[in-house]
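Peer 1: Sharing a structure with you now.
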Amino acid sequence: MRGSTFLLLSIVGIYGAILNAAAWSVNNFLMTGPKAYLTYSSSVAAGAQSGMEECKFQFGWERWNCPESALQLSTHNRLRSATRETSFVHAISSAGVMYTLTRNCSLGDFESCGCDDSRNGRVGGRGWVWGGCSDNVEFGERISKLFVDALETGHDTRALINLHNNEVGRLAVKATMKRACKCHGVSGSCSIQTCWLQLADFREIGNYLKMKYDQAHKLEMDKRRMRAGNSADSRGATAETFHHVHSTELVFLEDSPDYCTRNASLGHHGTEGRECLQTGKNLSQWERRSCRRLSTECGLKVEERRTEVVSSCNCKFHWCCTVRCEQCRQLVAKHFCARRDAAVANHTKRRNKGHRR
């Protein structure tokens, strides 16, 4: 039993150690465990990894940028937290695992799973019927739940929050699914369509959950009942709090720090030394403001550094059949957050106190 538990804890890639390239090798944790776990473990690992990569993309220009040290979410971790950021990590990891299991099921990677054809032949709407090969999200949801939710063995508030946010991630996969259709009819008239459901691009799920992160709900617990030491009273307070929370809403318990300052014990690296964006093509308004958010509002200055970038250029096709390119060097201006005079920095941070992350 302990071996199976260790496999579950190891395989779900929401721990910092798992993000290490060497530790990420599936072979590292296929030493034990039931056959069912061995069947799906590589998909679970790949799904958790894709969730972490999406987290880093979504928070790339935020003060908290999804660092590896912040992803050690074991409920047995003494430093575990229940912040807004933790809620997103649980949701995106859970979504990544479900997404990959569902996709690999449709690709025929598992003997025990195939398309969801349960609705095939039924009328779906005016001019179309269910058919084709719908992605089997019920399968992905069921297996991902076995792996991801097994991390939470406790019954305390933090464990319940983590389980809730795991479910938000799984519901996000369902909420973003797309209907795809194929036309049928004489001479391409499309008099009737056959339609099926397919997974959205994972980036869309990331965007959806980022929106949920921005709208996340802070739980206000009855602290007197929580401190009373009565487990039944504590469970009652928790149940009452969750009664008003929607199933698709991310929740958190603790306010986040400003993430400006380095705190090694908590795994916060601060923003000093981080790159930020000021100029460039196709930058969003949020990206253009990254220097203000990461530097100015954190009491740092923006420092421009010129970096040499080497790229292939002047490529030509030679018969037959190679492409030869030259190596071009170009100086590119990049901007970084740097320390400024202490007095100026303290004045700036006081002035910007209260700004949103």
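In case you wondered, yes, glycine gets a Cβ from its N, Cα and C as well.
Note that the coordinates shown come from a computational prediction; the quantities given were computed from them, not determined experimentally.
Among the features that Swiss-Prot reports, disulfide bond is placed at C55-C66, C105-C113, C115-C133, C181-C195, C183-C190, C260-C298, C276-C291, C313-C328, C315-C325, C320-C321. For N104, N263, N282, N346, the entry in Swiss-Prot reads N-linked glycosylation site. The annotation O-palmitoleoyl serine is assigned in Swiss-Prot to S187 on the grounds of similarity to another entry. Swiss-Prot lists 1-16 with the feature signal peptide, giving sequence analysis as the kind of evidence.
Looking at the shown structure, can you explain where the listed features end up?
Peer 2: Under the DSSP three-state reduction, C55 (disulfide bond) is assigned to helix.
DSSP gives C113 (disulfide bond) a coil state; it is part of no helix or strand.
DSSP gives C133 (disulfide bond) a coil state; it is part of no helix or strand. Using a 10 Å radius centred on the Cβ of C133 (disulfide bond) and all shown protein chains, the other Cβ atoms total 15.
When Cβ atoms from all protein chains are considered, those within 10 Å of C181 (disulfide bond) total 17, not counting its own.
The number of other CB atoms found within 10 A of the CB of C183 (disulfide bond), across every protein chain shown, is 13.
Under DSSP, C298 (disulfide bond) is assigned to a helix (H, G or I) in the three-state scheme.
Long-range Cβ neighbours of C276 (disulfide bond) (same chain, at least 6 residues apart, Cβ-Cβ under 8 Å): W61, S290, C291, R293, L294, S295, V302, H335, F336, C337.
Every protein chain considered, the tally of other Cβ atoms within 10 Å of the Cβ of C313 (disulfide bond) stands at 11.
Around C325 (disulfide bond), the same-chain residues six or more apart in sequence whose CB sits under 8 Å from its CB are S312, C313, N314, C315, K316, listed in sequence order. The DSSP secondary structure for C325 (disulfide bond) is strand.
Annotation for C320 (disulfide bond): no spatial neighbours, criterion Cβ-Cβ under 8 Å with sequence separation of six or more.
Over all protein chains present, the Cβ of N104 (N-linked glycosylation site) has 19 other Cβ atoms lying within 10 Å.
On its own chain, N263 (N-linked glycosylation site) has P257, G270 as residues at least 6 apart in sequence with a Cβ closer than 8 Å to its own Cβ.
The local packing around N282 (N-linked glycosylation site), expressed as other Cβ atoms within 10 Å of its Cβ over all shown chains, amounts to 5.
Its Cβ taken as reference, S187 (O-palmitoleoyl serine) is surrounded by 5 other Cβ atoms within 10 Å in the chains shown.
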Peer 1: Using Cα coordinates, what distance in whole Å links S187 (O-palmitoleoyl serine) and C113 (disulfide bond)?
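Peer 2: Answer for this pair: 36 Å between alpha carbons.
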Peer 1: Using CB atoms and a 10 A radius, I'd like the single residue among the disulfide-bonded residues C298, C328 with the highest neighbour count.
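Peer 2: That would be C298, with the highest Cβ count within 10 Å.
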Peer 1: Find, among the disulfide-bonded residues listed as C55, C115, C190, the one whose Cβ has the highest number of other Cβ atoms within 10 Å in the structure shown.
Peer 2: C55
Peer 1: Please report the three-state DSSP label of C276 (disulfide bond).
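Peer 2: Reduced to three states, the DSSP call for C276 (disulfide bond) is strand.
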Peer 1: By CA-CA distance, flag whichever of C66, N104, C181 among the recorded positions is nearest to C190 (disulfide bond).
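Peer 2: Going through C66, N104, C181 one by one, the Cα closest to that of C190 (disulfide bond) is C181.
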